[in-house]
Every structure is written in structure tokens, then in C-alpha cells.
Amino acid sequence: MSKKRTLDNFFKPVIAKRQRVESTEPPSNHTTYPFPVPQLPPNTADVLNFCPATEGKLINDQPDLDLVYFQPYIAKDAAKDLFHFLRRELFFYRVKYSIKRGPVETQISTPRFTTVFGLDDSAVFSPDGTLVTRVAKTPVPVDRYKCLPRPIPGCLDRLRKLVEAATDCTYNFCLVNYYASGNDSIAYHSDDERFLGPRPAIASLSLGASRDFYMKHKPVAPSPAAEKDAPPLQVGAKPLTLALGSGDMVLMRGTTQKNWLHSIPKRKGGESDRGRINITFRRAMVRGGTDNYYQYNVGVGPVFKWDETKGEMREWNREKEEGKEREEEEEEEEEGGGPGKGEGNSA
Ligand SMILES: O=C(O)CCC(=O)C(=O)O
Ligand SMILES: [Fe+2]
């Protein structure tokens, strides 16, 4: 070893590698989960007590736009830990579906990983995990929903409560997107579904790689009295770009969804390839909302789980996982003193 390197090492501050400390609380589980979801690690949970890390800034200087931008909502280190925890522990889907426009059916592949938890306002989960009506607390018939609703796991429910307090709104749904690379995206759309009510509040939290969030006003149809081919009306709204960094949160509320579109466009290389998680909290009023969210964010395809060694989402399969666990248990048993492994047998 060269002298220079030895000296460098001498003066380098000793930074202890941060240990991953797991929660001792039992994980969240439900019959609809492919596998249990651990509780937040205690150090991440503690830091969340200091949210919001900054005060929200109002962005309402354009027609029909009403945003509150927390930049950030979660401080940098905690946002990083939360990103890695959620990417590692949640189950995701890559949903495919078909849409019919007139006689033409088109196959769509959602260009990002998604997952969803929650239940509309008509019902609640009872402590044993079954569904009961919100008011009368009578069992909900099993065929009420096309896809069985999933309770929000403890780790995301903690976030939901914090976000409720910071935004003065209540939410019963949590949608999670994972953009694995710059090739993953969400096209221009508005979250103005009828089941969210007329002026929905949607809180959108970003973790991981920074991505551009584009917003533009919807074209405004000319009045019925205008000429037939009249161009869309100009409302004088300028498109907007927010460079959403890790820990940032945007609350979209009031007339925003009715009048504005938003998207996360594709990007080439750079930071995007490190992956980004987006979590939106919303409130669905009726059961149609529940069916819609599960159809488009869970679907019927395979489960994906983050593979730490490969550094990518991999298809997860219950039989394969259970087989792997059995093998590991058998290996442990053998190492623990099975025949031929005893003392004096090493020659
Ligand atoms: O990823 C984002 O920031 C936006 C996600 C979004 O618009 C949605 O899930 O509806
Ligand atoms: Fe959206």
C-alpha cells in the first residue's frame, strides 16, 4: 500500500455503516396480500414525527389551479430510507388491460409498476380483516367487489395519517407507482373520476429519483353559441413543470383536477434509472371507485417484488418462494449438527 493512501486513510473520518434495524412489531398481513409487509423501521418512523420538513407553498396564480407544494415534506435522509424500505417490502404489478373505442380493441401495458390499498367510504375492514358496511356494520357480500379490497399496511397508514394532518383532508386510498427507469412514465391525465367527488384533494408524495411533473390546463370547449369549428378558448394558463425531488409532496385540490392535466414524461438515462416511488392518497366515495382502482393498479397478472441482489423488480411466485424457504430451513438443520457435520469429521 502506498504511503499516500495510508495517510489518507488515517485522516478520513470513520463513518460507521448504518445498520438496518427492523421493527419488532408484527408485519401487516391480510388474505389478499401475496406476502406480509413489515412495519416501518423504528428510526424511519421516528424521523416522520418531524414532518412536514418545510411549510407548504401555495401555487394558485393560474386559472383553476390550486396546489400546495411541500419541498420537501420528508427530510432527505428519511425520504431515502423510506424509498428503499417501500421498494424492498411492497408487492407490485405491471398491469395490462384492453380498452374498446367503438369496434377497435387496444391492448394497453401500463408503463410503470403499480399497487393499491384502501376501500371506498361505503365499507370498512373489521378487526378480523373481513369487510363490513360502514354504518350498520353488517357483512359485505363477497361478490360486491370484482377484486377484493386490501387494507392499507401499517407503514403506509402511518404516512396517510401524517399527510391527513398536514393537508387537513382525509383519505381512504393509497396508490403506489414505481418508475423503474426513465422509460417508465404516466401520460397526461386528470384524476377527476366521479367517485372522488367534485373537488377532490389528492396528496402526491415523491421518493427516490427526481422526475419532472408536467401540468397543463385542459382545452376549454367554446360556448354552444360559438361557430361550429371555433378553436378551443384560451384561458391564459401557462404549462407548469415541477422537478419533484425525493421527499417532495404536492397537494392538488379544489378545481385543479377538473381543469388541469398532469403527467410524468419519459426521460433518457440519468438519475431516473435509480428508480422513483410515487404515493398518492385519495378519498373514494362509492364502491365503483374501489373496483376501478384495483382493476387498473393490481389487475390479474403476476406479482413483482424487488430483488436486492439483481437490483430489479422480479416476478414473485408463492410456490418458488416457499420452496426456497424450505431449502434454507433444511440447510440450517443440517448445519446445526446433522450426520457427517460433527466434530472431528472435517478431514
Ligand atoms: O408519479 C407521479 O408523480 C404522478 C402519479 C399520478 O399522477 C397518478 O398516479 O395518478
Ligand atoms: Fe394522477
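Cβ atoms are placed via backbone N, Cα and C, with glycine included.
Among the features that TrEMBL reports, 2-oxoglutarate binding site is placed at N177, Y179, H189, H262, R276, T280, R282. Taken from TrEMBL, the feature substrate binding site applies to D192. Under the heading region 'Disordered', TrEMBL lists 308-347. Positions annotated as compositional bias 'Basic and acidic residues' by TrEMBL: 308-326. Per TrEMBL, compositional bias 'Acidic residues' is recorded for 327-336.
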For N177 (2-oxoglutarate binding site), nearby residues of its own chain (Cβ under 8 Å, 6 or more apart in sequence): R112, F113, T114, I186, I277, N278, I279, T280
Where the C-beta lies under 6 angstroms from ligand 1, the matching binding-site residues among Y179, T280, R282: T280
Entry from the binding-site residues list R276, R282 having the most other CB atoms no farther than 10 A: R276
Tertiary neighbours of D192 (substrate binding site) (same chain, Cβ under 8 Å, six or more apart): P200, Q257, K258
Y179 (2-oxoglutarate binding site): secondary structure state under DSSP, collapsed to three categories: strand
Secondary structure at D192 (substrate binding site), reduced by DSSP to three states: coil
Sequence-distant neighbours of H189 (2-oxoglutarate binding site) in its chain (C-beta under 8 A, six or more apart): L261, H262, S263
Y179, H262, T280 as binding-site residues, winner by CB count within 10 A: Y179
